[in-house]
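Accompanying notes for the structure given below.
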């Protein structure tokens, strides 16, 4: 009593305390960062190594394997995958969520240093690493286009100036430049002219290397002056290389221009980029794991004026994609839902109380509780994201409950003629324990969530803490500010003035009277009610088993990723045309706003596309519906496939695959893997539960396999190294010299002329000059024939691996897809030497699925323990928890009705319902116990009286919670697909629970009271 009186009798102190909470919350709100979701990125580090000209199998065995053995010893690595392709190896290390990425980076560097001695000596550079996840969608894509500058020059500006500056921005991990390559002097050799002049390709290479050197020449010092010695030892342009003498033939000089075409071009001509149908160079910007997208994008945009000023005016620098607008729009929608929820909740209170003064009290309590939460969010390092704002939206219906219970009870005493100050003290004292029980038991629901490990635990920690803090502040406000305002604002009013909204008052009274009559009948037919209650328990089990499940609601972020996979033997020219064709088809879709893409590099049969959709206000289809519409058009393109996936704010794993979900096959024997992977892929392609099934196994590339006749070579005086050098010089785009410029270094690239790289018959024109100076055609000592060769070799851990990727068809669920995959693997009879496992998001989904029921049971057990402690009873918590089955049925039926799968968001809705619906039972049980103890009523009369007495606050708090969640259900803007499952679950559960628990709770109370009376004579107790 003294505690409550302290605040009621000191209104100034209570008001100032409230203002302090509000002010600190406003400051905290202004300091909070903005992000789409809580920080749940796994620490991922990418290791890169290169050895130009090496085939994929050589890269895998000589580079990937030694590095994997060293990196695999690092503590905290939970997944290590590698891909080795022509001349390059990439190893992805995914660490535990708890691992600090900077500490992991130091361990990676130490492992690379330790493995250096095991790597081939021919590597031009040491392996490097970056703190980035290659599977994460870029946060921004910029394009450079120009009508006057070449693609190589644009690439030079992009890599030398723009990429360097952008990479220095806080939060940026990598800036990948695509669509071309650095400028270079290309020497395109004519094999026939070389043969006629008796000059080998290697002689040309040596002559160019010797003619372009950069060495210190020293200085000259006299007694009075100092001179630096500088010679024209470098050749920097194609014009300078043309007259270079490379050989003398019978005393006549053979110049480079006599046997080759020398042009200013690019290092790798097998690269192409496009944006909206025009050639373009792309700047693909990725963030560090854990970096805030909005803050990073804002920093990059702030640099845009300086970036544009650093390049010529005839070059256009545009932003083709930016992930931040849809994130901001989604957060704006959540904030709008929050405001609507507050307004609806206050409207509910006004309709019930029918008094402006009375409504003002919860109208103050709700925003104070919500605003005060921002302080705790800032101190905990949280952000304003979809989940934390959804927590506040849902909290609107919770935080008003405490104020309503206190306000309604004080109003009841005022209507009985008690003075305001006495009514406030008496009213808050009577329901103080009830409010405390409701709040503590609601917070207890989130304890299992806070203790949950892995990605789901990290994902919902902010949600749980934010909601718990809001409830805690609401508890304080309802026991301090609310009774103080009641004592000073409320007055007993004449009956006529109370009924300002007469229609609603009459309806409410009629409902209450009808409830009393129906409850009286129910209490006389308790067996039927128990049958209904037991039926809801069974129905819960059946609905949970049958409902489709998924990991996380598929978001429409307005961005899509496209991955092109063509025939493994396709040429670069044909692949470039495929890119153009696919971009044309996608660009023609009315929902598409912008398309960029590129192809080339080490894998000539693949390409990437980045698609921006129009804002939701300008299109009627979701991203998934756009993909479904495009899928039919894209299937008509022969020789290649384009796989489209909507960009998600959360993606698990470091694999860069062609679809959203992955199933990995592992084997110690590469031959077994190559035998079974096509069979598994073919079986999965037939499953209707899957779409866009594809594989990263690339073992059917075309190669020309040469067989050396070593005896003939020995007789002719030719070494294998001479023959290999010939092939590398002719077809390897070999970088044979370096041109040094102030801002960058450029290469001299040697290769046969383009017409000779497009026909296998060019091998007949190749020759080697032996030790006797004779020109020996390649065909004299080698034979060749077509064969298959891998374009890439993949590992997971130290095992050979192949990842089959898939998407879901429109309306499909991940649970149905994973179950179908497991059935297919069983029916195929895959041997034990080939192991199958889900990876990435699919793996986390399966792990989460196993723990969902345990999580719900843990929440129920926690609430039971808390209630048992509060009531000093084993029985009364069971009465209160009997409200849960009906809520579960309502939630699951609502999800089925709206065709929404059961996701992590829906799981949180179920957890919230555990906390919400038991409030009704707490109010009934608490008043019934008080009536039995102090009013000398029997159990039936006590629970009947309590049910009628608390009917109005029960109805009010339920409607407040329902209307607080309603804006999430009806939302239709950006991010609605993330909010709707939570709202649907809560609204469905509340409606069903309200209809049933008003009857089941009194019946269960009576049953347990009879059991208590039969087995124990201990008097009823309630903690004060």
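Glycine is treated like the rest: Cβ placed from N, Cα and C.
Among the ranges 276-296, 297-317, 360-380, the stretch that Swiss-Prot annotates as transmembrane segment is 360-380. Segment annotation: Swiss-Prot labels transmembrane segment over residues 387-407 (candidates 240-260, 387-407, 408-428, 492-512). Beyond the ends of the transmembrane segment (387-407), by six or more residues, the same chain brings 37-38, 331, 334-335, 337-338, 341-342, 345-346, 349, 353, 358, 361-362, 365-366, 369-370, 373, 377, 427-428, 431, 434-435, 438-439, 442, 459-460, 462-464, 466-467, 470-471, 473-475, 477-479, 482-483, 486, 912, 915-916, 919, 923, 953, 956-957, 960-965, 967-968, 978-979, 982, 986 to within a C-beta distance below 8 angstroms of the stretch.
For the transmembrane segment (897-917), the partner stretch with the highest count of Cβ pairs under 8 angstroms, out of 12-32, 528-548, 953-973, is 528-548. Away from its own ends, the transmembrane segment (953-973) comes close to residues 329-330, 332-333, 336-338, 340-341, 344-345, 347-349, 352, 390, 393-398, 400-401, 404-405, 408-409, 508, 511, 616, 916, 919-920, 923-924, 979-980, 982-984, 986-987, 990-991, 993-994, 998 of its chain (Cβ-Cβ under 8 Å, at least six residues beyond either end). Counted over residue pairs 6 or more apart, the CB atoms of the transmembrane segment (853-873) and the transmembrane segment (431-451) come under 8 Å in at least three pairs, which marks the two as touching.
Note on the transmembrane segment (12-32): residues 364, 367-368, 370-379, 382-384, 473, 477, 480-481, 484 of its chain, located 6 or more positions outside it, place their CB under 8 angstroms from a CB of the stretch. Within the same chain, residues 18, 21-22, 24-29, 31-32, 338, 342, 345-346, 349, 388, 392, 395-396, 399-400, 402-404, 407, 462, 465-466, 469-470, 473-474, 477-478, 481-482, 485-486, 489-490 sit at least 6 positions outside the transmembrane segment (360-380) and bring their C-beta atoms closer than 8 Å to a C-beta of that stretch.
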